[in-house]
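Enquirer: Below is one structure. I have some questions about it.
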């Protein structure tokens, strides 16, 4: 069969293992030189395609590509940019075809979450609607674990492992300080809509009194007095209280805790996230000394503590994406199918993109404990396999060694395009 | 020689490796059964001695004690409690003697920072001033790296490695997002008086444009317009800006940034640390989209990313403390002496506690770059060896395995004592 080029790009918030998927895509492409010529990576996601800002990956050595497997962040640059409808913004799609034709690109791999799946789905219609022969495959990625159909999303397992480990470690810290000092520790984690990451914090402990003592989910309306009663009970019973709170924690009426409408002395909206807000409530209502942490980017960039399961799966979906493309399976996404919980077994299956784009998977109610402050055994059974195994990166001079890309740009053949 | 018992306790804010020092002390004691009978650990520091709340360490297996080497937090409980002067609070000291005599304690090991060194120094005077034969040795520990005489403080190297790694990882994240999203990332780190931990963030990069682009030290008065000019320059030149800021950052007049005097709509002091405050300034002055993280306990509990150098030194000072005690060297502290930078070599020497208690070691001016926003080569040469080597803990079920102590309490022989 004829040889054509491939396009690969990264989109949306990055993860500790999105580059492991890039590694999977690129290494798989390199194993098929008869079918796939060059891999062109879009600089900053789909924007790279629109502006013809392409990185010629053939200039990167096998060693560099292998190093992507243990490099966090998005090595080719990501973007927050969603293609508009083909009907109203036809010029964008015509431009994509122009760029793909100019560089003989017939394979399109887009590595992202729900929004990016929508972009990939639109691109996959170029073939049917505009007659350009392209096979588009979406490579799943999101720390939020909110993609449907796939059992879990690559990127989530590593955040989960980081948050569970950090909760365990910080809990040992406050447990040793609480007799004469700090009584309450609040850890704020990502997850604006779905509480999967907060739930992972609960993996730090299980037995009676083991921290975290409270998990606060976006799925459960925040009830200040109920939370404070539980904090007080925990301090009374165990000497301290550890809380893992989702950034998306909200009141019954949908207002976020972090966006409490407070303004500072200059009339500016109050700064800060959920953790300081909640810690402030603890101080106000109960008077306890507190500490709080906001992990933010640290949690989703923490490749040093990645889950081996997650790294393996991130690589596997990248590899499988190429196989699907070579089989001509347009508008698909490699999804993770759980075969068994214990021992944990999984395989990759193809899922139709139309069933994935723009749909969010929230935590099922049966994963949240009845009192709303913790996880159930069903949730533990689901989450636990995802954090298994360590895959430490190589270290050099005391720090993780990361891939250094040349990022050789492909010569432009087309006039400039404003996005 | 006769056999007597030993007392060991942990004090002040804990670290990722204070239990490695405990391991060093206890294992060294177990190697001298002819001289040292039981090790009694004070529950919650010196409070355990005052209240006769003693843990009989002989009930812990060799395996459990060995596991302390990779367990963060303070396994025996720590405290924030400073002994008052012997002249004005003589009853406290008499109580200590009572407890020590009741349990035949003649060796006293106190594991802490500057304040704890003061407590240890006072206890060391029991012998001379009150006639009770005791050898007191201070075992150094502090993430702040502010103990004098010792080249560095056990506990610091691991925080330094964690902050340098986290800065590197989060920088890769923002670098990939900055084209269409976040431009500025602020990481707040510990260090209320000394900027050592913030300085460690600078180890993440070195070459032109490599993050972090700004380090904000407590030692350098905060100049908002100078900082903002540098942030803007960094965003213009590199597309983004990474800032590592010390929690102790302050204005010329000594006011902390985090304590800006702002109040919320209810008249309460504004919540939150330096990172959100600084991020808010960036938004106000420059309009950039930002993210911020506050590492808080996570940084000092992160045993999963400990520096091997730090773990080795923490163990070594514990071990050496016992040797000094057996040599009858009262009122001493095992200090780390740097023999050479490259290759890094160190040894442990005895330092007189009187020269250590209540003295803080700040960053020397020649370690801070002339513009005040980064570190010099001298500082890099000093810091770099301290983060070398990895010492990953064993993992079990996806999480770090930690020591589980029995904490068998010694039967009380004395009447209750109120502290």
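Glycine residues also receive a Cβ, built from the backbone N, Cα and C atoms like all the rest.
Unlike curated records, TrEMBL annotations are generated automatically.
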Enquirer: Please state which member of B:87, B:247, B:349 TrEMBL lists alongside B:142, B:143, B:144, B:190, B:191, B:192, B:297, B:298, B:299, B:300 for binding substrate.
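Expert: Only hit among B:87, B:247, B:349 in TrEMBL's substrate site, alongside B:142, B:143, B:144, B:190, B:191, B:192, B:297, B:298, B:299, B:300: B:247.
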Enquirer: Could you check which of the recorded positions B:13, B:115, B:141 is the closest Cα neighbour of residue B:298 (substrate binding site)?
Expert: B:13
Enquirer: If you measure from the C-alpha of residue B:13 (diphosphate binding site), which of the recorded positions B:141, B:142, B:191, B:247 fall inside 10 Å?
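Expert: Those near residue B:13 (diphosphate binding site) - Cα within 10 Å - are B:141, B:142, in sequence order.
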Enquirer: Give the number of CB atoms, excluding that of residue B:142 (substrate binding site) itself, located within 10 Å of its CB.
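Expert: Around the Cβ of residue B:142 (substrate binding site), 28 other Cβ atoms lie within 10 Å.
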Enquirer: Can you check which residue among the binding-site residues B:13, B:191 has the largest number of Cβ atoms within 10 Å of its own?
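Expert: Most Cβ neighbours within 10 Å: B:191.
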Enquirer: Write out which of the listed recorded positions, namely B:141, B:247, B:298, lie with a C-beta under 8 A from a C-beta of chain A, sequence order kept, or 'none'.
Expert: B:298
Enquirer: Are there any residues at least 6 positions away along the chain from residue B:115 (site 'Important for catalytic activity and substrate specificity') with a Cβ closer than 8 Å to its Cβ? List them or say none.
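Expert: The list for residue B:115 (site 'Important for catalytic activity and substrate specificity') reads B:11, B:12, B:80, B:82, B:358, given in order along the sequence.
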Enquirer: Counting only residues 6+ away in sequence within the same chain, which have a CB under 8 Å from the CB of residue B:144 (substrate binding site)?
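Expert: Residue B:144 (substrate binding site) has long-range Cβ partners B:113, B:153, B:156, B:190, B:191, B:192, B:193, B:194, B:196, B:197.
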Enquirer: For a quick check of understanding: among the recorded positions B:141, B:300, which residue's Cβ has the most other Cβ atoms within 10 Å?
Expert: B:141
Enquirer: Per-residue pLDDT averaged over the domain 'Phosphofructokinase' (B:9-324) comes to what?
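Expert: The answer is 94, the mean pLDDT of the model over that range.
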